[in-house]
Structures are given as structure tokens and as C-alpha cells.
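K.L.:
Below is a structure I'd like to ask you about.
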Amino acid sequence: MAERGALSLLSLLCLTFLYTASSTAKHVDKGSAAQPFIPFWFTVEPQDTLAIRGNSALLNCSAHSDAATPARVEWKKDGTFMRLISDERRHILPDGTLVFTHVVHSKHNKPDEGTYQCVATIENLGSISSRTARLSVAGMPRFASQPAPSTVRPGDSQVMACEVNSDLVPFTRWEKDRQSLELSSRLTQLPSGALVIRNASEADAGLYRCLVENVGSSKSSDEAQLQIVPETGEDRKLEFLVQPVSVTKVVGTSVLLPCVVTGFPVPQVRWMLGDKLLQESEGHVEVMGGGSLQISNITEKNAGVYTCIADNSNATIEAQAQLTVQVAPQFVRRPANIYAHESMDIVFECEVSGSPAPTVKWVKNGDAVIPSDYFKIVKEHNLQVLGLVKSDEGFYQCLAENDAGNIQSSAQLIILDHDVALPSFPPPSLTPNTTDHVTPGSGGIAGPAGPTPSAPRDVVASLVSTRFIKLTWRQPAEPHGDDLTYSVFYSQEGISRERVVNTSRPGEMQVTIQNLMPDTKYRFRVVAHNSNGQGESSAALKVATQAEVQVPGPAPNLQAVSNSPTSVSLSWDKPLTGNGEMLTYKLYYTDKSFDSEQDVDTDGQSYTMTGLKKNTEYSFRVVANNQHGPGVSTEDIVVRTLSDVPSAAPQNLTVEVQNSKSIMLRWQPPPLNAQNGEITGYKIRYRKGPRRSEAAETTGGTQLNKLIDGLDRGTEYSFRVSAMTVNGTGPATDWNSAETFESDLDESRVPDQPSSLHVRPLVNSIVVSWTPPENQDIVVRGYSIGYGIGSPHAQTIKVDYKQRYYTIENLDASSHYVITLKAFNNVGEGIPVYESAITRPQSDPVDPDVDMYELFHASYTPVPDPSPMMPPVGVQASVLSYDTIKVTWADNSLPKNQRITDNRYYTVRWKTNIPANTKVKMANTTSLNYMVAGLKPNTLYEFSVMVTKGRRVSTWSMTAQGTTFETIPSSSPKDVTVVSKENKPRTIIVNWQPPSEANGKITGYIIYYSTDVNAEVHDWVIEPVVGNRLTHQIQDLTLDTTYYFKIQARNSKGMGPMSDAVNFRTPKTESSDKMANDQASNLPPKPGPSGNQQPPDPGTSVGVGSSEIHTLVIIIIISVGAFTIIVVVVGAFLCTRRTTSHQKKKRAASKSTNGSHKYKGNSKDLKPPDLWIHHERLELKPIDKSPEPNPVMTETPIPRSSQDITPADSGLDGNPHLQQRRNSYRESVRNTPISEPLPPATTSSQVSCPSEILADPEGSYHGSTTTEEEPSYSSNLPPLRSAHPHAHAHPLKSFAVPAIPATSHPSYESPALPSTPLLTQTGLPSHPHVVKTASIGTLGRTRTPMIVNVPNAPDVPETSKMLEDVDSNYEPDELTEEMAHLEGLMKDLNAITTAP
């Protein structure tokens, strides 16, 4: 028993030790674990953009984070989140960019114009908001003034007026005598668009006009004649043709202050800033033509009053203008990341500068922070948060804005558990410009774990006032240490947010809580701290502050009544309690939809609030004020303003023609803030053609579509929709027109091929976009998208017929995907269109998922001078030509005159996203501008600048964008193919692909064709093609004639180069059995109907008499017959020799197993032929295994689509062995006469000797090859099965080789092919035993094939044994002698057939 007791005691001690150690370890781990800050910032923010109606537009936005889940990007328009799920015009790209595929803008409907902001969100962490950007839509060109006929004297100045919309001035240019006018220091254009001609001469006489271009629709002004009249020498009074006007500009931009003076003698023009005479030598100040002042790279010192002074010997005149310079907001101090505990108070600091003074607002997780008792704005712009709770965690942003721009900076707040110590060292920054703070208080690195204090005792309120309470207490019963510190936690009753106050020194056991509310109950508890951490909490103590009797109580009987949709009348009574006369009342009101409180003062006991939103809930409360201050607030009272008719029309009205008698209308409700009440229905008005009489339909309030049927065929109808409330009908949309079909859409056949397919590869996804088939008369129910690595049949997705893009997700990086798109209806799927794309690698430096900051910035290392350089500001990109953009900027770290006197330099970087893997380029300069040349035409580039001075480097500036101008295409259309139209031999179809370097939007093509390839261009026949079509039919061609075709692309700037000539020969006859013609000129011509035509050598014309031909044919037939007999005899001889090793065959058979063969001797040299197809580049394709028991090598034609025909043998250039075999094969076909019909094939039981078999390394056998480069045709034997269900298969399909059809004889299992053994190929080192047979398609269409018996192959195991025997039973000398004999016979045959 003693031993058992000892063991029990020992076990108990061990368990106690293990539990204590485990608890201590847990405490240490928990105390030292602090959640790291998550780097989260915007790499790209949206910029103000000018869009063109009808064109596409982009608002860029991209966010970076190191969180496990990627950031989700959403967009706000005018402060409201956009719903883009069902929006066909607007969508968000994977990198966060907002795309407008078609900008809509009209007089009464401007859905796209407004202020946009992107919001990036990380689940369970928070959100950040970008800067705001304005999307403006260029208006229609309108001339407020136009050039007028005028005269000018030599040496004088003149102004040709041309005033257009202010946003279109950058798109204006001038022409003289219909020739573009180059601007200079003598010829300048004013900000209004007017042209100034200084120091006129005779060469300036002519017709002038101004044009507005590149805004969707071009417009030109009236032409005006400028005449030069001789100078009379008489004095003329000085007068201003154009005076300077006051203007406001942003730092870093340029301004032109116009000042044009006329008179005689010719005046001198001077400029003054204030009382100082301006000198042009100051660098960025220059006097332009006529006396106008050009100021580049404006700084704050350029602000002031400018005076233009013109004087001559007779008089002096002057005019003044004010230049106001604005400075965009800049951060002097950014908010810092903060670690804190619950109940603490923290302050986010934010200091900004700018002119005018920026306004600052704070945002938490994308929502505005409303100042309250716990969220306060202190020291002008800082945010103070009192009594932290766990829900306060997240991202806080300081947003600063003025008229010159807006900026934002973010910081993260992490609230740690009380048993987790505050880190003593700042963790990595949230953003490159964000510092990190640890809120002071109880914290530091956790020390060794130990006992913590018990609860403080006897907590009492020793002093209670109206605004403060003093608490005292006694030391805990178990302090577990000396020098205890204490924290007092308190909260208002009914509110969960708890605040904390710490004692000022160790051992102090009293604290005074300030800034409390009168007559309010509070809850207090005290916690002690020792070196081991926070101890137990005391019991809660509830104390109420005293009431302040000198301030008024709540005003009773508060009432609110809505009088109209925009006003509310309120009334209340005088407070029952209060010391003294009521001075004023403060009325607080809150828009419930925004939850932001505002206030207004009034002297009486009633007030009518006006200017409110319609049909909106508001809450009101009243606070009375007397001489002692504000009193107690009333309870909130809620009232809704009255509804009204909608103030805006429904949005996004679309009209879809369903058939010949009905049209479907779809729309979206008016904007929420313009509905002004519950929408009870929609009224649809429509009219036929130009008639004024209208019909009307109505729908329910939730119905957003309507089918209008019973319409007339082929008639245009116009529709407009308006929303209704109980108050009436609101404004209607613009008229939207559509024309019913003449006849209903056809669904008796499958849809045509989609007219285009475009892909944009990303790292793990591909964005696919397309356009519908050109033939709109066939019903399209949807689209089928197939994709896979190397084959488009791995996955299939079907989308709606209205969809025009789709993002294929979850793809592998750096993989080659093939994508197919087909339109389908109830009949079936149409012809596919193919495209391929390679997803980008994970390490792609231009991937939008990659942090752009890390690409261009090394990791932070301390330097002796830690103060960073300020980045350049005011970066602008001025497009000069189709390949040149000038980038300018300002440097705020320079003196006001922007002179560079030290060794600093600037780095300019630029990039474009087209193509997607374009690398970033950089260049250094020591000036404040840089000319970037060698750019691609019609391409959007982004530019940013940084400054380097010694070891100090700035961050990159904000980006500027510029799109180079268009220019003529620099390459010709590619992949030009010509095919014959089925059953119409006089009609051909020309197909092509757009030029690789279009340099602009392709507006059309011109097809040239001629029968003489060397004819002059003006002698070729021209066929124009309008738009971006890639196929065209040409009819009524002459039969049996070779035509040559060239294609030329054009855009808005002109014509590009012509493609190389492609030749095509039309068929000879109008027979019903028409075949596609050979594309390449080096294919053998078709034999004639008699079958006795000898194919001529290419490029050579040989005339042969009829008697010579008959003699030659007889000689060829006799020779071939003799040759065939010799081959049969030699084969029989060889087979006889093989039978002598019958016993060895049996032994080999007993060793072999089905499906597994190991070859001996030279059998390792037996390799399968290299089978290639040509699709943009050579790709190795899988070889189909023959289902027949006797595999035979055949050249089998592959059905092709009309869009992928390439010259013959183009895929064999890189393989000399295949090229040699192909040439030998053709020669043997050309020299083989054909005169007898094809006999029935022998059965396998009649085989006397096996043919040579092609074996691959795995032991499989291939009975045919698919050779796409040499298409051939057969008119006698239809294919047994098609390679594709459609008539035109595409080369990207997984090809199935057509098997050779069986004859009509029922007893034969497999056909014998007409063939000519290529005995000359036995010398090829790579395939020493290959015997290749001629393709059926290469023989004559009406000629009967010659008799050629190809023995059937035995089963695979038997063949394997025979191959072993061949190697083991024949001596090398015997084989060499036999092969030399056969080669001699073949040479004799070639000599006979090629003799003249």
C-alpha cells in the first residue's frame, strides 16, 4: 500500500508540473503574439478623364496587399456603389480597371458623366478608398464664333476668330487653303481656339478655317479670306485685338495670356507682373506671336496681376489680368499605423498643405467618419478615437481635397487582446509613406509569466459633480509585487464602448474622471498591473453625475409635419425646467439615408425646414440654450418628406427587335435619389416612323421590360419610357428607334461563324471577347466557348446570346491554351472560330497582380540622410505625333524659378499595356521635360517621374497618360487565302486577317486582282470592303484561269502596304462535282479526262506530239508491268528464304507476348515518321492508330477551313528527311501511268509476305499520316468518315485520319490502296525500311488506278517475329546485292519515263 500511495503521489506531482508548464507556455505565446499590419495600398488610382461619346473609356485602379485573400475592387459613382452585374456596357477588369465599352451621353441622359472612386476591400480586414476622378464627356462641336473675312497690312497682326467648347480646344487645328497650318512663334493659337498672325506678309493671304477633330464627329468652320493690303504709312490708333483675361491654373501646368495689338507705327509689347518688368530670360516665361505671354511650369510665385503694355511713338495702351495659381493637396504628415488595446484613446495625425486650403475628411473602411462623442476632429485635421472597442479595427484614411485635386493616405488600427503586449518596435509600414505607432499605455514586451494581482478593494466615488467624478480604492489583497499601477475603465450606462484612464505614477490609488455628462449614470471598474501583467477587475461601481439645473431641460411637445416634397414644419414648447430666459434653440436634423447630422439656429418655437430631399426620412431634435449653455436634447422625431413625380428618366433603355412583329424594351429605374417616391409603374409611348400620333402602354412598378407586339413588318418605330409615382409621370427618355424585320429570323439552319474573336491572357485567366455573326438573319440562342491546353475540347462553357465577353478563370500560368467560339441555336452549333493564347507567367513584371512598387523600389535600407526627396508634381504628357510624346513636370524642391543648380537628375518611366507583356522603359534627364520618341502609333502610354539627388531618391510621381496619334498601317493584311465557293466555280471567297501593325482603327480594305501578276497597280481590278470584315466574295470569274490577289488595309490616316500576291486557278468546267482548287502553284496539275496527260515540270512548257505520247505511254505501261513482276518475284524469293528459319520463328513466338515487343539488331532504328501540321508554328500532333489489321502508310488529305490555307510543304522546311521523301513521292506519282481498274483486295489468309510496318517506340503501329500541307482530292472514292462533322474543319481540331473506304465486294475486310513503292527511299538513314504509298487524291480524277497489290500485314506479334528473322537470317552482302539490283531497275524506269 505504501508503494501504491507513493506512485499515486508521484503521478499527481507530474500531472501538476505538466499542467503548469503548459499554462505558462500558452501564456508566453499569447503574450508575445501581435498580429502584423497588412500592407494595403493603391498602385494605380483613377485620373480625370475626357471621354468621347460612343467610344470606349477606362478608369484605372489597382490595389496591392499581402493578405491571403486578394483585394476586391468596387466602384462608386457620385458616392453610390455601382451595380455592374447585368451591365453590358460597363464592367470591371480583373485588375480593378473600370471599362466603358460604349460611352452614352445625350442632352437629357448622361449616365456615364460624373465623379468616380474605386474601393478595395479585403474580407475580414477592411476597405480603402481611392482618390476621386471626374469622367467628362466631350460635347458636340459647336462654334460660338467663326473666322470672318478680314484684311491685314504687312508687318501688322491679325486674329482669326474660332471659339469652340472649352473642352474641345485641344482638338482644334487650323487649315490655310485646305492645307494643315503649322504653328510657330509667329502663328499661335489662343486658349479660345483663335489664330493669331503676327508680322503678316504676302504669304499669309488665303482661305482660313478651323477644324475640330478626334472627338467622335469632326466639324469645320466657315472659310474666311485673309487679304494683305499695302501699308499707307499713315498713323493708326493703337487698339487691342485680344486682351488678357483673368485665369486660374494649377501648379506645373502652362498658361497663355493673350495680348494682340494693332496700330501704326507697329507697337512694342511689354509685360509686367505687379510693378516688376518681366524678362524672357527667366526661362519658363516667353512672349509669343503678337505679344501673348506664355508661362510654362507654373509655380506659386507666378501668381499675381499681369499687365500687357503696348506703346509706339504716338501712344501707350495697357490691359490687366489676374493669374491665380492653385496647388494640389500634399501631405506634410501622413497617418500612421497604430497598435492599441481596447478602452484606450488614440489619435491619427494628418497634416496637409495646398492652395486653396484643402478640406480634410476621414474615412473608415470606405465609410465617412461622422464626428461624435467618441470620434472627434482635433488640432485642425487629426482624428481622435475615444474608448476603443474591437469594432474600431480597420483601415482609416485621410482624404484631402481642394479645387486643384485630391489625395488620400491610409493607416491600419489593430486592437490587441489585453493579455497581448504592445510591440515595442514598429512593425513594417502599411504603405511606403506610412509610419507606425504604438499607443502609449500599459505595454511592452511580456516578461516572465507569473501571478498577477487580485482585484483592487473598496472602490468608492469620493467626489461626485456634474462633470467629473473622483474615485479611490485600496490595494489588492494579493498584489504579487510592488509598485502597482492601476487602470480605471468606465462607460456610460447603456453604451458598450468603454474608456480607460491610467494612474499617473506607481502606487497611486485615486483618479479623477473628467468631461462627463450631467445627470448621467456611469459604470466604473479598476484593474491593477504588476510586472506579470494585468490582474483581476474589481466589481462594477455605478455612479450618476449631478444634474445641472442652470441649463434648460428638453423642449416638450416636439412635432414635425411634411408640407411639401422638400419642406418640413416643426414646432415645440418652452422647456419646463431651466434657470433663466431661453436665448435660442438649436434644431438638429439628420438625413436617415446618409446618417449625417446638421443643425440650424432659431429664436422662436417653430421653424420650417426647406431644401430637403424628396421622399426621404429625416430625424429632428431640439436643444434649448440659455445664458449657461445648451440644455438637454429632446428625443428624436422622424418624418418623411412627401413624394413627388420622378425628376429623372429611366436609365439604360434598350430596344431589341424580336421578330417581324414585336420589339422588346428593357430599362432600369431612375437613379434612387431622383425617384422621389415609390415607382408605381412605367409609361411607354411609341410611334411609327415620322408620325406624330403616339400609342401608349403601361407596366407595373417592378417590371423593367415590355414586349410590344402587333407591329408592322419592316417598319421603324420610336420608343420612350417614363417612370410614374402616385404624384404623376416623370420625364421621359430620349426617343429610341428600331426597325422590325422584313421577315422573321431563320432557325432552320445553324448560325454563321462569329465575326471576330479576341483574347487577353492574364496569369490565371483569359478574357475572351467577340462580335456576333455578320449574318443577322439567323437566330442565335447563345455562344459555346471551348478551351484547353493544346486542344479546345477540354472544357466547354455556354453563355447567353447577349453576352460579348467572358473571363475564363482558374487557368495554369505560362500555358498555351486553344480557345474556340461557336454560336448555336435550336438546330445546332455553327462554324467555330479559333484563337490561341499563352497565359502570363507568375513572375511577369507587368502582371496587374504584381506589386508595381516592389518592381521599381529596392527594399528599404537606412541611409545617412533619411529625409526623402519630394516626388515631381504636375506630370503632363503632351502628344506631339504618332510616335512622340513630350513629358513635362515641376519640382517643388527647387526654387520658385525652377532652376536646377545641383547634380540632381530625373528618371522618366513609361509603359503600355498593349501587348500585355510589354516591359517598362526608363530614361534619365537633367531638365524638367523629356521627349519620348519611338512609340507605337495609336497606343495609350502611362508616364511617371522620380528625382534622384545623390543617395536621396523620391518615390514615383502620379502618372500621366497620353495616346499617340494614328498613322497609316505599316504592315499588310496577313494570312490571305483564296478558296472556291461550293457549287459555284465562277465565285471565289477571299479570306484574310488584319495587319499586325494597324496603327489605328481599320476602316476598310481594298482587294486587287488580275490575271497578270506583273501588271501595273492601276491595271488591277479593285474590290472595296467597308468596315472590319475579313472575308469577301468575288463573282463572275473566268473558268480555267489563274488569278492573282493582293489586299491593302486602310484607316483614318490612309492606306497601308499591299500584301504579297496570292494566286488561284478557277476550275475548268461547270461540273456538279466541284472540288476546291489547289492553293499553291507547285502542286501537280489535274490530269485530263483521258488520263494520258503528262504533268509538266514547273516553269517549263514541253510540247509533245500525239504519236509520241502514245508511244511513250506504251513504253511506260510495259516498263511498269515488268517492274511489278520483278518486285513480286523478288518478294517471293525473300519470303522463301525466310521459311528456312521456321523453327526460330516458333521459338521467337513462344517468347513474345501480345502487345509487348522488343526488337533486336537494327530494329531500334525503326522510328515513326515525323508528323507535323502547320498552325502559326510547327506543333507535333498525336498520330491516330489505325483500326485496320493491315496498317499502310498513306498521304491523306485533311479537310481545311477557308481561313487557314497555306502553301504546300510549308511545314516541311525544317525537316530535310521529310522533304526528301515528299519529293521522291511526287516524282514517282508523276511518272506512274494508270490504266487499269482497282482489283479487290486479298484477304489476310492469302498473304504470302508481309509489308514493312512502321513501329513507334511503344510498339504501336500507324497506318496513315495526316499531312496538312499538301491537300489532295479524290473524285472516285468518297471518304469513309469525315474528320469533322462540318464541311470545313479547322486545323486546330484534333484530327481523325479518314480511313480508306471499302469496295462494294462483301467478302473483303480491307481495301488495297493504289500505290507506288518508293524504293528510292531505302537509302534514307532515318527510316531505312519505310515504304510509303501514294495518296488516292494525287491520282487523276477520271483516270482508273493501276493494279498495285499491297499485301496485308499479319497480326502485330507475328510481324514482330518476322522483323527479328529479317535481321537474323540475311547476310549484309545479300541484302546489299538485292537493294542495288532494285535501285538499278528504278533508275532504268526513271530514264525511260523522263526521256523526251
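Glycine is treated like the rest: Cβ placed from N, Cα and C.
What TrEMBL shows for this protein is this:
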SIGNAL    1-25  signal peptide
DOMAIN    39-136  domain 'Ig-like'
DOMAIN    141-227  domain 'Ig-like'
DOMAIN    230-324  domain 'Ig-like'
DOMAIN    329-414  domain 'Ig-like'
REGION    434-457  region 'Disordered'
DOMAIN    455-548  domain 'Fibronectin type-III'
DOMAIN    554-644  domain 'Fibronectin type-III'
DOMAIN    649-743  domain 'Fibronectin type-III'
DOMAIN    750-843  domain 'Fibronectin type-III'
DOMAIN    871-967  domain 'Fibronectin type-III'
DOMAIN    972-1069  domain 'Fibronectin type-III'
REGION    1056-1104  region 'Disordered'
COMPBIAS  1067-1076  compositional bias 'Basic and acidic residues'
TRANSMEM  1112-1136  transmembrane segment
REGION    1139-1288  region 'Disordered'
COMPBIAS  1139-1149  compositional bias 'Basic residues'
COMPBIAS  1162-1187  compositional bias 'Basic and acidic residues'
K.L.:
For the domain 'Ig-like' (329-414), which stretch among 39-136, 455-548, 750-843 has the most Cβ pairs under 8 A?
P.N.:
39-136
K.L.:
When secondary structure is assigned with DSSP, how many helix, strand and coil residues does the domain 'Fibronectin type-III' (455-548) contain?
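P.N.:
Grouping H, G, I as helix and E, B as strand yields 0 helix, 49 strand, 45 coil.
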K.L.:
What are the DSSP helix, strand and coil residue counts for the domain 'Fibronectin type-III' (750-843)?
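P.N.:
For the domain 'Fibronectin type-III' (750-843), the helix, strand and coil counts are 0 helix, 51 strand, 43 coil.
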K.L.:
Could you put numbers on the helix, strand and coil content of the domain 'Ig-like' (39-136), residue by residue per DSSP?
P.N.:
0 helix, 47 strand, 51 coil
K.L.:
Average pLDDT across the domain 'Fibronectin type-III' (871-967)?
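P.N.:
Reported value for the domain 'Fibronectin type-III' (871-967) is a mean pLDDT of 87.
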K.L.:
So, by DSSP, how many helix, strand and coil residues make up the domain 'Fibronectin type-III' (972-1069)?
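P.N.:
Summed over the domain 'Fibronectin type-III' (972-1069), the classes give 3 helix, 54 strand, 41 coil.
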K.L.:
To the domain 'Fibronectin type-III' (871-967), which of 230-324, 455-548, 750-843 is linked by the most Cβ pairs under 8 Å?
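P.N.:
Counting Cβ pairs under 8 Å, the winner is 230-324.
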